[in-house]
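S.K.: Under the heading active site, nucleophile, TrEMBL lists Cys381. According to TrEMBL, the S-adenosyl-L-methionine binding site annotation covers Gln253, Glu303, Asn353. As annotated by TrEMBL, domain 'Methyltransferase' applies to 275-338.
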Amino acid sequence: RKRASESRSLPQPSWEERLANAVTPLWRLPYHEQLQVKYESQRKILQILASRLEELGIDAQKPGGFCCPLQPVVPSPIINGYRNKSTFSVNRGPDGNPKTVGLYVGTGRERNIVCVKASHVQNIPSKHKQVAQCYEEFIRCSPLDSCILFHEGGHWRELVVRSTSCGHTMAIITFHPQELGQEALAAQKTLLKEFFMCGPGAVCALTSLYFQESTMTRCSHEQSPFQLLHGAPHIFEELLGLKFRISPDAFFQVNTAGAEVLYQAVGELCQATGDIVLLDICCGTGTIGLSLAHRVSKVIGVEVVEKAIEDAEWNAAFNGISNCEFHSGKAEAVLPQLLASWEDARPLVAVVNPSRAGLHYRVVRAIRNCPSIRRLLYVSCKPEGEAMRNFLELCCPPDPRKKLAGEPFAPVLAVPFDLFPHTVHCELVLLFTR
């Protein structure tokens, strides 16, 4: 009882501190200590992988219990305000206002979600915070309600802000149409456009303003088109001397300066030189393949987001790169067909950079069963998750029941890259060979 009363009497952290602890849990640590925390977490992941491989009958134990050597975490060139994409929610704030634009503290399961303004969060740039503040000002003046639960009505939903080192800023506003007719929708779009073009929101100097009508938590462009209300259809980023076009939903590494360091290292680890063909799986806007195109004979990119492939093809043409081809579609549909008919005598090196969901089993099987792939780089933002399943599928003994006939891979080197300072996450690059 005494302890409980003592804990109640302790000063409670402010909402700002609670949000910082939730979104950037390492924010209080000096940066060199953050890197050490991340090194230890990656070390544990490699030890788990080694023990899982041992269970499969593979002698994977190296000194320290690792499955392969682990290099120190490569630091981010930028520590604060590095994010080039931020997603802000709309919900009830600490004061109860349902039109608060910020980030969540709490969970839906616990039913204790509070939306806290992110003006103090260290990894979000000031430009993103400014757009979020202006959006909040706009919706608070709107007679339409925010949409917190779809079935309870309301309209104003999340805001995505993307920016580039070239000074471009894109804002994407998600809106639940509910029962509004086209005339009422058009009126809201006009008000938004006027607010950000010549009203108080003009201070944001947006390059692009998009609007998406969405009745689902997340919608692709194909499901519900992004409607350009103002400005240019794309923003542009420069990376490793190349210019990249970015669409509203195209994937681009969230830390541009960190991505440059990562992609340079990927090129070295791939040994991408001479007559090599580089297979860039989950290629997004083509950043990895295009940045290495000058070092190899050919690049083949595969990506599910159709708009990202359009960007990749534009990026190749704009930068005068002619040795790249890009395939739009799910990797599990495109890759098996592509590799089954592979007759090119040139050595094939694969780079995979999937989402947190990892690679589909059919993608792993296609890679395993293609004897031309002797070297594979797996770039993972969550190696302890579904990627672990992929690692085991790549390295397990041949299994006719799973149609894994190809020679297994073996992990030979792990290099973590800190693309997410102040958070517990980092990007792990695992090199596999056979």
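Glycine is no exception: its Cβ is also placed from the backbone N, Cα and C atoms.
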S.K.: Taking Gln253, Glu303, Asn353 as the record's S-adenosyl-L-methionine-binding set, what's the max Cα pairwise distance in Å, rounded to a whole number?
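M.R.: So the maximum pairwise Cα distance among the S-adenosyl-L-methionine binders is 15 Å.
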S.K.: Would you say which of the recorded positions Glu303, Asn353, Cys381 has the most Cβ atoms within 10 Å of its own Cβ?
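M.R.: Within the set of recorded positions, the most crowded position is Glu303.
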S.K.: Tally every other Cβ atom lying within 10 Å of the Cβ atom of Gln253 (S-adenosyl-L-methionine binding site).
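M.R.: There are 24 such Cβ atoms around Gln253 (S-adenosyl-L-methionine binding site).
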S.K.: Using the alpha carbons only, what distance in Å do you get between Asn353 (S-adenosyl-L-methionine binding site) and Cys381 (active site, nucleophile) once rounded?
M.R.: 9
S.K.: Can you check how the pLDDT averages out over the domain 'Methyltransferase' (275-338)?
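M.R.: Averaging the confidence scores along the domain 'Methyltransferase' (275-338) gives 92.
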S.K.: Residue counts in helix (H, G, I), strand (E, B) and coil for the domain 'Methyltransferase' (275-338), per DSSP?
M.R.: 30 helix, 16 strand, 18 coil
S.K.: Which residues, same chain and not among Gln253, Glu303, Asn353, have a CB within 8 angstroms of the centroid of the CB atoms at the recorded S-adenosyl-L-methionine site?
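M.R.: Nearby residues not in the site list: Phe251, Phe252, Cys282, Cys283, Gly284, Thr285, Thr287, Ile288, Val379.
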S.K.: Using Cα coordinates, what distance in whole Å links Glu303 (S-adenosyl-L-methionine binding site) and Cys381 (active site, nucleophile)?
M.R.: 17
S.K.: Return only the integer: C-alpha distance in Å from Gln253 (S-adenosyl-L-methionine binding site) to the residue listed as 'active site, nucleophile'.
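M.R.: Spelling it out, the Cα of Gln253 (S-adenosyl-L-methionine binding site) and the Cα of the residue listed as 'active site, nucleophile' are 11 Å apart.
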